[in-house]
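Since the structure comes first, as structure tokens, the remarks are kept for the end.
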């Protein structure tokens, strides 16, 4: 930055290089979401090769997805420490190593380790940093940017589904894994596009923070005996170090807890229908290429649905109540799965795939936007890490439970009914609880204004400022831009 602006916090540019960052996120997010689904093409052949059951082979995708989400806090910590660019590049390298190693596996357990854990961890280092850096580059156009970046998943899935079938027919599943490992190295190129923003500001902020801490410690030493406060300071320093990377105070945030519970329930039935869509089509007697084409249809509709949802969510009618729109999308997704058993022919499966792609795209386009709307951009990095570690348990169990239902009843319809019922329940829960949350926020805002208007309730000017800061932190998204603007003006006036 220019010397005159070295200490000024840069706002989100809402464009410029940000669109290049969106393109990089498009690639890395696309691989992170689409790759575990695209591997379903190989499941039938790998199952026959190792002689395993549906539930055992489903663990490959489950472990990969669970690792991708469960490693969220590690990814968030690394992003806070090193930035998005090196984390994504290292994640791409891990993905390539995992898939190349999987080509030489001789047991299903080795596949769990190479494909599930190593490649899954690499995808985790691609997913979270890509979502986080979009929030740093965009504010006003953030829903549109998120929708475009999340569209990478259907584009990659649309490409990977027929590509995987072609690779298998020509090179077998082992040769295909070698080639896919090389393709995943493109995540390193995507990570190189993530140019850091506000590096100079971070340095100034760190220096100011350190000076403030030294002054505070000096004052404490002068005011009282050091021996009585050493233990308390040690505990505070330890908590501050942990809280620097993961903000555990989010568990006191009402909106965050509602989002967390609803999403943990939703993911119990979110990924299983995609994992078993191609095997289900083959089970009904449809040939391999036609079964793979169902995933392409889903991806094409999903590709259009995500940016369209981002545009709709950014409108002045939807964005103030985007949580309701998200709840509807989840319930709509569940309704599609409940009606899937009625699709007995290939034409019926095409209709199901089309509606499933629409509903799936709507949910994915708003998945992180709704979280940022609740907690604000400043706490979003920690929120993503805490949410993904909680979601990994249901993501891990979802496809294997579906596989157990298929093995037990010999029919896929019970798996689709289970997933549909769970998602309708999650959508209904989120709708009701978000209505309650909006009512409580309006009530708290009304009480705060009443206190400010009453002179008796305001003792001093400093107490009023503390109350305002506390309330604005709790309200989160709606006051975030105003608060950031106010802080920027204050720094300009002080000559910082």
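Numbers run from 1 along the shown chain.
Cβ atoms are placed via backbone N, Cα and C, with glycine included.
Just so it is clear, the model here is predicted, and its values are computed rather than measured.
What TrEMBL says about this one:
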- 445-473: compositional bias 'Basic and acidic residues' (COMPBIAS)
- 480-496: compositional bias 'Basic and acidic residues' (COMPBIAS)
- 18-438: domain 'Major facilitator superfamily (MFS) profile' (DOMAIN)
- 445-496: region 'Disordered' (REGION)
- 16-36: transmembrane segment (TRANSMEM)
- 57-78: transmembrane segment (TRANSMEM)
- 90-123: transmembrane segment (TRANSMEM)
- 144-163: transmembrane segment (TRANSMEM)
- 175-194: transmembrane segment (TRANSMEM)
- 256-277: transmembrane segment (TRANSMEM)
- 289-305: transmembrane segment (TRANSMEM)
- 325-344: transmembrane segment (TRANSMEM)
- 350-368: transmembrane segment (TRANSMEM)
- 380-402: transmembrane segment (TRANSMEM)
- 414-436: transmembrane segment (TRANSMEM)
Q) Can you say which of 144-163, 289-305, 380-402 has the most Cβ pairs under 8 Å with the transmembrane segment (414-436)? A) 380-402
Q. Restricting to the same chain and to residues at least six past its boundaries, which positions have a Cβ under 8 Å from a Cβ of the transmembrane segment (325-344)?
A. 262, 266, 269-270, 273, 284, 309, 312-313, 318, 351-352, 355-356, 359-360, 362-363, 366-367, 370, 412-413, 416-417, 419-428, 430-431, 434
Q) Under 8 Å, at least three CB pairs between the transmembrane segment (144-163) and the transmembrane segment (256-277) (pairs 6 or more apart)? A) no
